[in-house]
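This report refers to the structure that appears directly beneath it.
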Amino acid sequence: MNTEQLKQAFLDVFGQEADATFFSPGRINLIGEHTDYNGGHVFPAAITLGTYGAARKRDDQVLRFYSANFEELGIIEVDLNNLVFDKADNWTNYAKGVLKFLKEAGHVIDTGMEVFVYGNIPNGSGLSSSASLELLIGIIAEELYGLELTRLDLVKIGKQTENHFIGVNSGIMDQFAIGMGADNRAIYLDTNSLEYELVPLDLGDHVIVIMNTNKRRELADSKYNERRAECEKAVEELNAVLNIQTLGELDEWTFDQYSYLIKDENRIKRARHAVLENQRTLQARKALEEGDLATFGRLVNASHVSLEHDYEVTGLELDTLAHTAWEQEGVLGARMTGAGFGGCGIAIVHKDKVEAFKENVGKTYTEVVGYAPSFYVAEIAGGSRVLSRK
(Lines of atoms letter the chains of each structure in order from A and count residues from 1; the text may use other names and numbers.)
(Lines give C-alpha, C1' and ligand atoms only; values in the text may rest on other atoms or scores of the structure.)
Protein backbone atom coordinates (compact mmCIF):
# COMPACT_ATOMS: atom_id res chain seq x y z
CA MET A 1 0.00 0.00 0.00
CA ASN A 2 1.53 3.34 -1.00
CA THR A 3 1.09 6.71 0.70
CA GLU A 4 -1.64 7.92 -1.69
CA GLN A 5 -3.66 4.73 -1.21
CA LEU A 6 -3.31 5.11 2.55
CA LYS A 7 -4.54 8.70 2.47
CA GLN A 8 -7.48 7.73 0.26
CA ALA A 9 -8.40 4.77 2.48
CA PHE A 10 -8.40 7.04 5.53
CA LEU A 11 -10.60 9.59 3.73
CA ASP A 12 -13.03 6.84 2.65
CA VAL A 13 -13.40 5.53 6.21
CA PHE A 14 -13.36 8.73 8.27
CA GLY A 15 -14.51 11.38 5.78
CA GLN A 16 -11.58 13.69 6.51
CA GLU A 17 -7.93 13.92 5.51
CA ALA A 18 -5.24 12.21 7.58
CA ASP A 19 -2.65 14.36 9.35
CA ALA A 20 0.11 11.86 8.57
CA THR A 21 0.85 8.33 7.31
CA PHE A 22 3.13 5.74 8.89
CA PHE A 23 4.78 2.33 8.47
CA SER A 24 5.96 -0.15 11.07
CA PRO A 25 7.76 -3.32 9.90
CA GLY A 26 7.49 -6.94 10.91
CA ARG A 27 10.60 -8.89 11.84
CA ILE A 28 12.42 -12.14 11.36
CA ASN A 29 15.02 -13.52 13.74
CA LEU A 30 18.07 -15.02 12.07
CA ILE A 31 19.16 -16.92 15.18
CA GLY A 32 18.79 -16.60 18.95
CA GLU A 33 15.32 -18.04 19.59
CA HIS A 34 13.72 -18.03 23.03
CA THR A 35 16.88 -16.36 24.33
CA ASP A 36 15.52 -12.83 24.78
CA TYR A 37 13.72 -13.56 28.06
CA ASN A 38 16.67 -15.72 29.13
CA GLY A 39 19.09 -12.80 29.12
CA GLY A 40 20.86 -13.94 25.96
CA HIS A 41 21.66 -12.49 22.55
CA VAL A 42 19.31 -12.29 19.57
CA PHE A 43 19.95 -11.47 15.92
CA PRO A 44 16.73 -10.14 14.35
CA ALA A 45 16.06 -7.88 11.37
CA ALA A 46 13.12 -5.69 10.34
CA ILE A 47 11.43 -6.66 7.06
CA THR A 48 9.38 -4.89 4.39
CA LEU A 49 6.18 -6.72 5.36
CA GLY A 50 4.52 -4.69 8.08
CA THR A 51 1.69 -2.46 9.26
CA TYR A 52 0.65 0.76 7.54
CA GLY A 53 -1.22 3.52 9.35
CA ALA A 54 -2.88 6.87 8.71
CA ALA A 55 -4.09 9.06 11.55
CA ARG A 56 -5.76 12.34 12.43
CA LYS A 57 -6.04 14.13 15.75
CA ARG A 58 -9.56 14.82 17.11
CA ASP A 59 -10.62 17.60 19.45
CA ASP A 60 -12.69 15.43 21.82
CA GLN A 61 -11.89 12.40 24.02
CA VAL A 62 -12.84 9.70 21.50
CA LEU A 63 -10.44 7.24 19.89
CA ARG A 64 -11.71 5.72 16.63
CA PHE A 65 -9.91 2.77 15.07
CA TYR A 66 -10.47 0.97 11.78
CA SER A 67 -8.51 -1.96 10.35
CA ALA A 68 -8.75 -2.96 6.69
CA ASN A 69 -7.78 -6.45 7.90
CA PHE A 70 -10.89 -6.67 10.09
CA GLU A 71 -13.44 -4.81 7.96
CA GLU A 72 -16.29 -6.75 9.55
CA LEU A 73 -15.55 -5.04 12.89
CA GLY A 74 -16.09 -1.59 11.38
CA ILE A 75 -14.94 1.46 13.34
CA ILE A 76 -14.19 0.61 16.98
CA GLU A 77 -14.71 3.55 19.34
CA VAL A 78 -12.87 3.81 22.64
CA ASP A 79 -12.95 6.43 25.40
CA LEU A 80 -9.49 7.97 25.87
CA ASN A 81 -10.17 8.12 29.61
CA ASN A 82 -11.12 4.44 29.90
CA LEU A 83 -8.15 2.52 28.54
CA VAL A 84 -8.84 -0.91 30.02
CA PHE A 85 -8.52 -4.32 28.36
CA ASP A 86 -11.79 -5.45 26.79
CA LYS A 87 -11.92 -8.59 24.66
CA ALA A 88 -14.76 -7.06 22.63
CA ASP A 89 -12.37 -4.35 21.42
CA ASN A 90 -10.32 -7.01 19.63
CA TRP A 91 -7.08 -5.74 17.99
CA THR A 92 -7.50 -2.22 19.40
CA ASN A 93 -6.42 -3.52 22.81
CA TYR A 94 -2.83 -3.25 21.56
CA ALA A 95 -3.41 0.42 20.74
CA LYS A 96 -5.17 1.03 24.06
CA GLY A 97 -2.28 -0.50 25.97
CA VAL A 98 0.32 1.67 24.24
CA LEU A 99 -1.68 4.85 24.86
CA LYS A 100 -2.36 3.89 28.49
CA PHE A 101 1.33 3.34 29.26
CA LEU A 102 2.38 6.50 27.38
CA LYS A 103 -0.03 8.49 29.53
CA GLU A 104 1.12 6.76 32.71
CA ALA A 105 4.72 7.67 31.81
CA GLY A 106 3.67 11.33 31.95
CA HIS A 107 3.19 12.04 28.23
CA VAL A 108 0.27 14.35 27.49
CA ILE A 109 -2.33 12.75 25.21
CA ASP A 110 -5.27 15.05 25.86
CA THR A 111 -7.51 14.48 22.84
CA GLY A 112 -8.67 11.51 20.80
CA MET A 113 -7.63 10.46 17.32
CA GLU A 114 -8.75 8.49 14.29
CA VAL A 115 -6.51 5.70 13.08
CA PHE A 116 -6.69 3.60 9.91
CA VAL A 117 -4.54 0.44 9.90
CA TYR A 118 -3.65 -2.04 7.18
CA GLY A 119 -1.16 -4.86 7.70
CA ASN A 120 0.36 -7.29 5.20
CA ILE A 121 2.04 -9.48 7.84
CA PRO A 122 0.05 -12.73 7.84
CA ASN A 123 -1.83 -12.94 11.15
CA GLY A 124 -0.42 -15.41 13.64
CA SER A 125 2.60 -16.03 11.40
CA GLY A 126 5.21 -15.35 14.06
CA LEU A 127 6.54 -12.30 12.19
CA SER A 128 5.46 -10.01 15.03
CA SER A 129 2.29 -8.38 13.75
CA SER A 130 1.41 -7.40 17.33
CA ALA A 131 4.76 -5.69 18.07
CA SER A 132 4.53 -4.00 14.66
CA LEU A 133 1.12 -2.59 15.62
CA GLU A 134 2.36 -1.48 19.06
CA LEU A 135 5.25 0.48 17.55
CA LEU A 136 2.94 1.91 14.87
CA ILE A 137 0.59 3.32 17.52
CA GLY A 138 3.63 4.61 19.42
CA ILE A 139 4.97 6.62 16.49
CA ILE A 140 1.46 7.86 15.63
CA ALA A 141 1.06 9.22 19.18
CA GLU A 142 4.58 10.67 19.08
CA GLU A 143 3.80 12.51 15.83
CA LEU A 144 0.24 13.70 16.55
CA TYR A 145 0.84 14.90 20.10
CA GLY A 146 4.44 16.09 19.68
CA LEU A 147 5.70 13.71 22.36
CA GLU A 148 9.39 13.74 23.25
CA LEU A 149 10.36 10.09 23.17
CA THR A 150 13.47 8.14 22.36
CA ARG A 151 12.96 5.10 20.18
CA LEU A 152 13.99 2.92 23.12
CA ASP A 153 11.15 4.50 25.16
CA LEU A 154 8.67 3.32 22.53
CA VAL A 155 10.26 -0.14 22.38
CA LYS A 156 9.83 -0.49 26.15
CA ILE A 157 6.23 0.77 26.01
CA GLY A 158 5.48 -1.90 23.39
CA LYS A 159 6.91 -4.63 25.61
CA GLN A 160 5.00 -3.25 28.61
CA THR A 161 1.78 -3.45 26.57
CA GLU A 162 2.47 -7.06 25.59
CA ASN A 163 3.35 -8.14 29.14
CA HIS A 164 0.99 -6.14 31.33
CA PHE A 165 -1.99 -5.32 29.10
CA ILE A 166 -2.27 -8.25 26.68
CA GLY A 167 -0.81 -10.74 29.17
CA VAL A 168 1.99 -12.36 27.16
CA ASN A 169 5.24 -12.81 29.07
CA SER A 170 7.43 -12.09 26.02
CA GLY A 171 10.89 -10.55 25.85
CA ILE A 172 11.98 -7.30 24.20
CA MET A 173 13.34 -8.64 20.90
CA ASP A 174 10.31 -8.05 18.67
CA GLN A 175 9.73 -4.43 19.62
CA PHE A 176 13.47 -3.71 19.53
CA ALA A 177 13.92 -5.15 16.03
CA ILE A 178 10.90 -3.25 14.73
CA GLY A 179 11.75 0.05 16.40
CA MET A 180 15.49 0.04 15.67
CA GLY A 181 15.67 -1.71 12.28
CA ALA A 182 17.83 -0.43 9.41
CA ASP A 183 18.15 -1.21 5.70
CA ASN A 184 20.19 -4.36 5.00
CA ARG A 185 21.26 -4.62 8.63
CA ALA A 186 20.54 -7.23 11.28
CA ILE A 187 20.47 -6.18 14.93
CA TYR A 188 22.86 -7.99 17.23
CA LEU A 189 21.24 -7.34 20.61
CA ASP A 190 22.28 -8.24 24.14
CA THR A 191 18.84 -8.51 25.75
CA ASN A 192 20.34 -8.18 29.23
CA SER A 193 22.11 -4.82 28.76
CA LEU A 194 20.18 -3.68 25.63
CA GLU A 195 23.53 -2.91 24.00
CA TYR A 196 23.20 -3.50 20.27
CA GLU A 197 25.05 -3.30 17.01
CA LEU A 198 23.74 -3.00 13.46
CA VAL A 199 25.53 -5.72 11.49
CA PRO A 200 25.59 -5.62 7.66
CA LEU A 201 23.58 -8.58 6.38
CA ASP A 202 25.70 -9.64 3.43
CA LEU A 203 24.51 -13.04 2.23
CA GLY A 204 26.28 -12.89 -1.14
CA ASP A 205 24.16 -14.65 -3.77
CA HIS A 206 21.69 -15.89 -1.16
CA VAL A 207 18.34 -14.51 -0.03
CA ILE A 208 16.17 -15.17 2.99
CA VAL A 209 12.97 -17.02 2.16
CA ILE A 210 10.21 -16.84 4.77
CA MET A 211 8.27 -20.13 4.88
CA ASN A 212 4.80 -19.76 6.37
CA THR A 213 3.24 -22.97 7.72
CA ASN A 214 -0.18 -21.28 7.41
CA LYS A 215 -0.88 -22.81 10.79
CA ARG A 216 -1.86 -19.93 13.02
CA ARG A 217 -0.21 -19.76 16.41
CA GLU A 218 -1.58 -17.95 19.44
CA LEU A 219 1.31 -16.90 21.62
CA ALA A 220 -0.72 -16.11 24.73
CA ASP A 221 -2.55 -19.43 24.59
CA SER A 222 0.49 -21.55 23.79
CA LYS A 223 3.18 -23.10 25.93
CA TYR A 224 5.28 -19.93 25.67
CA ASN A 225 4.71 -18.84 29.26
CA GLU A 226 5.28 -22.43 30.40
CA ARG A 227 8.73 -22.49 28.74
CA ARG A 228 9.63 -19.23 30.40
CA ALA A 229 8.60 -20.57 33.81
CA GLU A 230 10.68 -23.74 33.24
CA CYS A 231 13.77 -21.63 32.52
CA GLU A 232 13.19 -19.41 35.56
CA LYS A 233 12.88 -22.51 37.75
CA ALA A 234 16.14 -23.87 36.28
CA VAL A 235 17.91 -20.61 37.23
CA GLU A 236 16.53 -20.97 40.75
CA GLU A 237 17.90 -24.53 40.99
CA LEU A 238 21.32 -23.59 39.56
CA ASN A 239 21.55 -20.82 42.14
CA ALA A 240 21.87 -23.42 44.90
CA VAL A 241 25.56 -23.10 43.96
CA LEU A 242 25.85 -20.37 41.31
CA ASN A 243 24.81 -16.73 41.50
CA ILE A 244 23.16 -15.88 38.18
CA GLN A 245 20.17 -13.79 37.11
CA THR A 246 19.62 -15.49 33.75
CA LEU A 247 20.74 -18.51 31.73
CA GLY A 248 22.36 -16.14 29.23
CA GLU A 249 25.21 -15.61 31.69
CA LEU A 250 26.43 -19.21 31.30
CA ASP A 251 28.62 -20.81 28.65
CA GLU A 252 28.12 -24.46 27.75
CA TRP A 253 31.00 -25.73 29.92
CA THR A 254 29.73 -24.07 33.07
CA PHE A 255 26.23 -25.31 32.31
CA ASP A 256 27.43 -28.90 31.81
CA GLN A 257 29.32 -28.72 35.10
CA TYR A 258 26.29 -27.61 37.12
CA SER A 259 23.29 -29.02 35.22
CA TYR A 260 23.06 -31.81 37.83
CA LEU A 261 21.48 -29.18 40.12
CA ILE A 262 18.38 -29.07 37.88
CA LYS A 263 16.04 -31.73 39.20
CA ASP A 264 13.87 -32.35 36.15
CA GLU A 265 14.93 -33.78 32.78
CA ASN A 266 12.68 -31.41 30.81
CA ARG A 267 14.02 -28.37 32.63
CA ILE A 268 17.59 -29.50 31.87
CA LYS A 269 16.64 -29.64 28.16
CA ARG A 270 14.98 -26.21 28.23
CA ALA A 271 17.95 -24.62 30.01
CA ARG A 272 20.44 -26.34 27.70
CA HIS A 273 18.70 -24.83 24.69
CA ALA A 274 18.81 -21.33 26.20
CA VAL A 275 22.54 -21.60 27.00
CA LEU A 276 23.64 -23.21 23.73
CA GLU A 277 21.41 -21.03 21.54
CA ASN A 278 23.04 -17.97 23.06
CA GLN A 279 26.48 -19.41 22.22
CA ARG A 280 25.31 -20.20 18.67
CA THR A 281 24.17 -16.60 18.26
CA LEU A 282 27.60 -15.27 19.27
CA GLN A 283 29.23 -17.65 16.77
CA ALA A 284 26.71 -16.79 14.02
CA ARG A 285 27.46 -13.09 14.24
CA LYS A 286 31.21 -13.82 14.00
CA ALA A 287 30.66 -16.10 10.99
CA LEU A 288 28.54 -13.48 9.23
CA GLU A 289 31.11 -10.73 9.83
CA GLU A 290 33.86 -13.01 8.46
CA GLY A 291 31.77 -13.89 5.40
CA ASP A 292 31.70 -17.55 6.45
CA LEU A 293 28.20 -18.30 5.21
CA ALA A 294 28.61 -22.08 5.43
CA THR A 295 29.25 -21.91 9.19
CA PHE A 296 26.42 -19.39 9.58
CA GLY A 297 24.06 -21.83 7.83
CA ARG A 298 25.14 -24.77 9.99
CA LEU A 299 24.45 -22.74 13.13
CA VAL A 300 20.98 -21.86 11.81
CA ASN A 301 20.30 -25.58 11.29
CA ALA A 302 21.59 -26.44 14.77
CA SER A 303 19.24 -23.83 16.22
CA HIS A 304 16.24 -25.64 14.74
CA VAL A 305 17.43 -29.03 16.00
CA SER A 306 17.70 -27.60 19.52
CA LEU A 307 14.27 -25.94 19.30
CA GLU A 308 12.82 -29.25 18.08
CA HIS A 309 14.41 -31.63 20.58
CA ASP A 310 15.41 -29.61 23.66
CA TYR A 311 12.92 -26.74 23.72
CA GLU A 312 10.14 -28.67 21.97
CA VAL A 313 8.38 -25.71 20.36
CA THR A 314 8.30 -26.76 16.71
CA GLY A 315 5.69 -29.38 15.75
CA LEU A 316 4.96 -31.26 12.54
CA GLU A 317 4.50 -28.19 10.34
CA LEU A 318 7.71 -26.33 11.20
CA ASP A 319 9.75 -29.54 11.28
CA THR A 320 8.49 -30.54 7.84
CA LEU A 321 9.50 -27.16 6.41
CA ALA A 322 12.96 -27.17 8.00
CA HIS A 323 13.79 -30.82 7.33
CA THR A 324 12.65 -30.57 3.70
CA ALA A 325 14.53 -27.29 3.22
CA TRP A 326 17.77 -28.91 4.42
CA GLU A 327 17.55 -31.42 1.56
CA GLN A 328 17.24 -28.79 -1.19
CA GLU A 329 20.01 -27.63 -3.48
CA GLY A 330 21.35 -24.13 -2.76
CA VAL A 331 20.19 -24.01 0.87
CA LEU A 332 22.74 -22.82 3.44
CA GLY A 333 20.45 -23.27 6.43
CA ALA A 334 16.83 -23.30 7.60
CA ARG A 335 14.98 -23.16 10.89
CA MET A 336 11.80 -22.04 12.59
CA THR A 337 11.67 -18.37 13.59
CA GLY A 338 9.54 -16.70 16.25
CA ALA A 339 7.90 -18.41 19.19
CA GLY A 340 7.12 -21.65 17.37
CA PHE A 341 4.00 -23.87 17.59
CA GLY A 342 3.19 -22.97 13.99
CA GLY A 343 3.98 -19.65 12.33
CA CYS A 344 7.02 -19.31 10.09
CA GLY A 345 10.44 -20.65 9.32
CA ILE A 346 13.27 -19.06 7.36
CA ALA A 347 15.65 -20.55 4.82
CA ILE A 348 18.81 -19.03 3.36
CA VAL A 349 18.62 -19.98 -0.31
CA HIS A 350 20.77 -19.28 -3.38
CA LYS A 351 18.86 -16.76 -5.47
CA ASP A 352 18.99 -19.00 -8.56
CA LYS A 353 17.39 -21.88 -6.65
CA VAL A 354 14.47 -20.02 -5.01
CA GLU A 355 11.77 -21.15 -7.47
CA ALA A 356 12.81 -24.81 -7.31
CA PHE A 357 13.05 -24.51 -3.53
CA LYS A 358 9.50 -23.19 -3.23
CA GLU A 359 8.14 -25.86 -5.56
CA ASN A 360 9.89 -28.79 -3.85
CA VAL A 361 9.33 -27.73 -0.25
CA GLY A 362 5.74 -26.74 -1.03
CA LYS A 363 5.01 -30.12 -2.62
CA THR A 364 6.43 -32.17 0.28
CA TYR A 365 4.78 -29.97 2.91
CA THR A 366 1.38 -30.26 1.23
CA GLU A 367 1.72 -34.06 1.04
CA VAL A 368 2.66 -34.34 4.73
CA VAL A 369 0.48 -31.65 6.29
CA GLY A 370 -2.52 -31.58 3.97
CA TYR A 371 -2.46 -27.93 2.92
CA ALA A 372 0.04 -25.64 1.22
CA PRO A 373 2.61 -23.34 2.84
CA SER A 374 3.32 -19.79 1.60
CA PHE A 375 6.70 -18.33 0.71
CA TYR A 376 7.98 -14.73 0.65
CA VAL A 377 11.48 -13.46 -0.08
CA ALA A 378 12.34 -11.23 2.88
CA GLU A 379 13.75 -7.78 2.21
CA ILE A 380 15.52 -6.27 5.21
CA ALA A 381 14.47 -2.68 5.77
CA GLY A 382 14.28 0.20 8.26
CA GLY A 383 12.31 0.50 11.47
CA SER A 384 8.98 2.20 12.31
CA ARG A 385 8.70 5.59 10.62
CA VAL A 386 6.53 8.49 9.40
CA LEU A 387 5.86 8.16 5.66
CA SER A 388 4.21 11.52 4.95
CA ARG A 389 2.80 14.59 6.67
CA LYS A 390 -0.14 16.77 5.57
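Cβ from N, Cα, C; glycine included.
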_Listed in Swiss-Prot for the substrate site shared with Glu33, His34, Thr35, Asp36, one of Tyr196, Tyr224, Tyr258_ = Tyr224
*Tertiary neighbours of His34 (substrate binding site) (same chain, Cβ under 8 Å, six or more apart)*: Arg227, His273, Ala274, Glu277, Leu307, Tyr311, Val313, Ala339, Gly340
*Collapsed DSSP category at His34 (substrate binding site)*: coil
*What subset of the recorded positions Glu33, Asp174, Tyr224 lies within 10 angstroms of Ser130 (ATP binding site), using C-alpha positions?*
Asp174
*C-alpha of Asp36 (substrate binding site) to C-alpha of Ser125 (ATP binding site): distance in Å?*
19
*Of all the binding-site residues given, namely Gly124, Leu127, Ser129, Glu162, which is spatially nearest to Glu33 (substrate binding site) at the Cα level?*
Leu127
*asked:* Given the recorded positions Thr35, Ser125, Asp174, find the one whose Cα is closest in space to the Cα of Glu162 (Mg(2+) binding site).
replied: Asp174
